Amino acid sequence: MIKISILCVGKLKEKYLAEGIKEYLKRLTPYAKVDISEVPDEPCPENAPMAIEEQVRQKEADKLAKKLRPGTFLVVLDLKGKMLSSEDMAGKIQDLALSGKSDLTFIIGGSIGLAPSLVERANLLLALSNLTFPHQLVRLLLMEQIYRWFKIIHNEPYHK
């Protein structure tokens, strides 16, 4: 069974998002073992100088990096990432599984993004959309997409 970890910066505060994520975790049970792990976001003053923002991003990246398992296929969500269709991403996951890579980690950065040191470690930079979303909403969007990918992989109705 495929193991998927979702690493996030910051605590999920909105109840409606938590309920949606919980629903997708339940739906994914037959397909993959999915766990979500949060690291605390670092305080960053509004309108902070670039150097301060870089320090904050690096501190968050260091916390995330400690949670990475050796050998995991690392997908970093990034606005500058590659845009793939749901079908293409499902195919990518299926290809990884067939080649023996059954451990995937997705990273969702905080409100000021991720440090380059972490982005550079990615096996895949993935953009879910050209639109900008709050990082907490991205968790729910990612969960829905992961569920959709597995429905596509198993040729089950849902994604049409």
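Residue 1 is the first one shown; counting continues down the chain.
Backbone N, Cα and C define each Cβ position, glycine as well.
In the three-state DSSP scheme, Leu131 (S-adenosyl-L-methionine binding site) falls into the coil class. Within 10 Å of the C-beta atom of Leu131 (S-adenosyl-L-methionine binding site) sit 7 other C-beta atoms, taking all shown protein chains into account. As annotated by Swiss-Prot, S-adenosyl-L-methionine binding site applies to Leu77, Gly109, Leu128, Ser129, Asn130, Leu131, Thr132, Phe133.
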Exercise for the section: Sort out for me which one of Leu77, Leu128 has the most neighbouring CB atoms within 10 A, since those are the binding-site residues we care about. Expected result: Leu77
Exercise for the section: Could you check what DSSP calls Gly109 (S-adenosyl-L-methionine binding site) once collapsed to helix, strand or coil? Expected result: coil
